[in-house]
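The annotation NAD(+) binding site is assigned in Swiss-Prot to 198, 199, 206, 244, 445 on the grounds of similarity to another entry. The (6R)-5,10-methylene-5,6,7,8-tetrahydrofolate binding site feature in Swiss-Prot is assigned to 714, 806.
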């Protein structure tokens, strides 16, 4: 045999050659190959380097559990790191690059880490870098973080499209192997709505690499004919290249379809990936079983692979992974592989069986070594020999590949996503799905059923029962005849091999070896969840699909208990990695949504503004000046200037709604929880709008400009939502009211003039008297400007705590008025300021935004309980606001927070803990909603929502951020840090 590609075997199309590159080297594959099979066909054993020790790694599996063959595929914005070569279909022009090596895959300087392996055992980072402590953030952590990771994500924008879809069915079949195909066919013929999903490119699963015959057909032909019949049924949808990744409440399943991941240039009218949310009446988990690796010295060497993988490459892809392989087995499947290799012309050197006798009658040419184990391997970048221990001695046998068959573990991850725990079966030597799963059944290999005929029969029987439960007539289930079936699996768990000299790996991707597990148990981390985190076993991108059960078995062996007593870690979505693009769907970029710019955008840009995106709006964030090195310097200057002189801020982005009609006042009285019916003309009032459930929806001011005309402002982010809410109330709840609504946000340019000198500046362009006596706080009216040349609306409201006004003028005049105000205030120190400064000013004054109004807050939580009108017969949210849970004394309440040491700071999102309390969920007292450095106070200040906070002013607490590793002693206080008597508002 001159090539690793066999002359006749496999499902690949030998008439369609495909060119691809690996690390820049040109290679050839065939239509139907995966990248992994094409690399093996080219004799490429070394495909990657391990995470920690940078050991040479080869292809281990033929499917989704692959921990070693992770590559980067594509270029530019389409470059995708950590792609499993075993799942990546080959296409013309595919470019793949190995990862986690420098300067090259063959010569990786990182392999020197192997010399340091005695110091890099389990939990080494907890023990090694204790002193000197100051070097942790400056040296140790940066070095570890740079060394961590595998592939590198692209910095370029993703050019492709993604989408989301919903689907509903009577029966969702997950897995299109023999069990899944039989189930889907039975239910489909009965008329049930069926969705069949499978992560492979072809339906069939293990049938595609099986040499058995079913009803006289080759297994692969049976799979093809069955899938063709399913596709012809109008009530059946077959989704290939689709991975079901999660099981959620309501029997909703998440799945991601790789629509165009198998082509070089995706068609522009199709998504690259599609996220499916499938609502199933019933679901059948037919995902099969994953072969279990064996833990022996050098089991990670390139050329060592799972027996099932070797069988797949042989029978499905027509590739012999080696010319002189050996097989190390604990069950009968190793003999099936040996027979198929020999039938393909491959010389099997030896079968090493850990048992005294096999369950099948093997009559091949390979040497049988019973009651023996492989205790080690030899070779550099590929395996060259195995060390076999038997009869009290160790023998070296030359090989160029080794298949290991350590038993099977049912793939039951999805069955455990809703809290169920796997159950250990001593009979099956495997963990099984929990019983009594509502809405989900498990069958076939996923239920530890063995034998092809048994899996086909079980799939059909389960589907028949589900169909009858749905009330549909079910025709008699056809009994298929299976010939040349694989031998019965006789499980004999072999957790570890005695006499190991080289590293024996449990978790291949994270370089967790046998000694790491033993060390964790000896050091007290014997609970499976602790051992997982201490060793990082099961925490790589494969989430322990191959390593978890071996790790549990080794922990059980070290503790002298059964795997049932050790238990398992918690299974959570996602089953395999899911791209952010698929989760985001079409919500990327701007699409047809407009970029919204305020009427003062160009004016702000002319004055050097730095902009920030707020929804669709671009808001001026701050205005840097020459010599200022950081944004904070600019913001502090602007804050101090507003407090000392005056500032001009663009607030045009606030939502503006005009409400008119003879019932406008009554309408507002019903949508706000506080009173608006008797608001005088010429006055503004702060209002709280509730949802039906009693929680605050939005806040803002509404001014009565005329008897039946009101001017409402909303928050920027909720402007559209508030408009929709008001229209719903007017059209559905109270259609009898005479009220009209108009969104006028874009018709007005609005600017805030704040600071002690605001009045003298504004008076220069406003014709009317705006003294405190003539125009007091919360006054509102239409005014004339420049001797009647222009009219606008003036509101005496303040978000800064200073004497302040908001002036609204027709949008087209915005820039001219802003220039006029700067000119009028040039002798008074006026400066433009942005939203960052506005945020500091409002935190100093204790004003809230949607950081505090987070959807779970009621008026009393913010200290606005007395605002709620008790005398009104009704308003939106009134009934639900009176619920017991919303009036409890220990609800979160708005407080201020200051650090005990003014030199320390804390972040928004940090948790509040009682002094001396441990950082646990039970001890969580609340969290920081907004924080900023206050030039007025001289330290960081914050607003927070804290349990029973108003009665805890003066209490010392700990502000803790586990994400950043920060703990700051602090004190709770009044949320109003500036002018608590409001004297500056009323000057």
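Placement of Cβ uses the backbone N, Cα and C atoms for every residue, glycine included.
Spacing of residue 445 (NAD(+) binding site) relative to residue 714 ((6R)-5,10-methylene-5,6,7,8-tetrahydrofolate binding site) is 58 Å (Cα to Cα, whole number). In the three-state DSSP scheme, residue 445 (NAD(+) binding site) is classed as helix. Counted over all residue pairs in 198, 199, 206, 244, 445, the record's binders of NAD(+), the longest Cα to Cα distance measures 18 angstrom.
Other Cβ atoms within 10 Å of the Cβ of residue 244 (NAD(+) binding site) number 29 in total over all chains. Sequence-distant neighbours of residue 714 ((6R)-5,10-methylene-5,6,7,8-tetrahydrofolate binding site) (same chain, 6+ apart, CB under 8 A from its CB) are 654, 655, 656, 657, 698, 700, 722.
Taking the C-alpha positions, the distance from residue 206 (NAD(+) binding site) to residue 806 ((6R)-5,10-methylene-5,6,7,8-tetrahydrofolate binding site) comes to 71 Å.
DSSP assigns residue 198 (NAD(+) binding site) to coil in the three-state reduction, outside any helix or strand. In the three-state DSSP reading, residue 806 ((6R)-5,10-methylene-5,6,7,8-tetrahydrofolate binding site) counts as strand. Classification of residue 206 (NAD(+) binding site) by DSSP places it within a helix.
In the three-state DSSP scheme, residue 244 (NAD(+) binding site) falls into the strand class. On a Cα basis, residue 806 ((6R)-5,10-methylene-5,6,7,8-tetrahydrofolate binding site) lies 60 Å away from residue 198 (NAD(+) binding site). Residue density at residue 206 (NAD(+) binding site): 24 other Cβ atoms are found within 10 A of its Cβ, drawing on all protein chains shown. Distance noted between the C-alpha atoms of residue 244 (NAD(+) binding site) and residue 806 ((6R)-5,10-methylene-5,6,7,8-tetrahydrofolate binding site) is 54 Å. The Cβ of residue 199 (NAD(+) binding site) has 63, 64, 87, 241, 242, 243, 576 as same-chain neighbours under 8 Å, each 6 or more residues away in sequence. Counting only same-chain residues six or more apart in sequence, the Cβ atoms lying under 8 angstroms from the Cβ of residue 806 ((6R)-5,10-methylene-5,6,7,8-tetrahydrofolate binding site) belong to 651, 750, 751, 752, 753, 794, 795, 797.
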